[in-house]
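Chemist: Quick one: this structure, given as structure tokens, is what I'll be asking you about.
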Amino acid sequence: MASSKAGLVSIVLLRFMTLAALAGSIVVLFLDKLTLDDGSKFTFKDIIAYRYVLATAAVGFVYTIIQIPFAIYHAIKEKRVFKNQFLPEFDFYADKVCLFVFFFFLRGMVAFLLATGVGAGFALTFELKKFVKDFFDSIKNLGIPGIDESDSALNKFLDKALFATGLLFLGFLCMAVLSIFSSINKITKNSSSSKSNRGCFD
């Protein structure tokens, strides 16, 4: 049960794992830079899908930071900061519903939001890697200087983006498990409330 001591500690650990994975994704994307032989420079900002990956990771990161103090308190004290149903309800909906109005003027589920970032990052990177391979394979016989170096640099750039997306995927998995825990907590709390409100003949 998610309400047991072990379950509460697991939730805290999952929150920290989510935070670490999302932070790693953000850092790797920020460090992912490409400089070609002609002096052209590229970063994740030049590719819309990678900006989306960063945005989803940032939203998940901020949300997780907000949740961690409550999770730690709950694990240590084995009770909520607020004694009413506010936090169980908040966990249930907020693990799924994230107000990322500031980024996309939309509402969506945090776990699903992260999943869309993962999908965008993986899909684009695999497509670009295939395109880059086919392109350089077709021109390598032309004897153009610096081709191998450019090919290697582009692949390193894409590999870092792939790694960042992989970290985002790890964050998504942790968030999905946390979403299950929050659902169990809500069902348990609702069951307890229903039983306590029953009359003699219920």
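Just so you know, glycine gets a Cβ as well, placed from its N, Cα and C.
Those TrEMBL annotations? Automatic predictions, nothing curated.
In case it helps, TrEMBL gives these features for our protein:
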- 9-102: domain 'Casparian strip membrane protein' (DOMAIN)
- 12-31: transmembrane segment (TRANSMEM)
- 51-76: transmembrane segment (TRANSMEM)
- 97-124: transmembrane segment (TRANSMEM)
- 161-181: transmembrane segment (TRANSMEM)
Chemist: Who are the long-range neighbours of the transmembrane segment (161-181) in its own chain, taking Cβ under 8 Å and residues 6 or more past its ends?
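Modeler: Same-chain contacts beyond the ends: 2, 7, 10-11, 14-15, 17-18, 21-22, 24-26, 28-29, 32, 44, 47, 50, 53, 56-57, 60, 64, 95-96, 110-111, 114-115, 117-118, 121-122, 125, 129.
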Chemist: So what's near the transmembrane segment (12-31) in sequence-distant terms, Cβ-Cβ under 8 Å and 6+ beyond its ends?
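Modeler: Answer is 44, 50, 53-54, 57-58, 60-61, 64-65, 67-68, 71-72, 75, 160-161, 163-165, 167-168, 170-171, 174-175, 177-178, 181.
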Chemist: Under 8 Å between C-beta atoms and at least six residues away from its ends: which parts of the chain pack against the transmembrane segment (51-76)?
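Modeler: Contacts of the transmembrane segment (51-76) (Cβ under 8 Å, skipping residues fewer than 6 from its ends): 5, 8-9, 11-12, 15-16, 18-19, 22-23, 25-26, 29-30, 44-45, 87, 91, 94, 98, 100, 103-104, 110, 113-114, 116-118, 120-121, 161, 164-165, 167-168, 171, 175.
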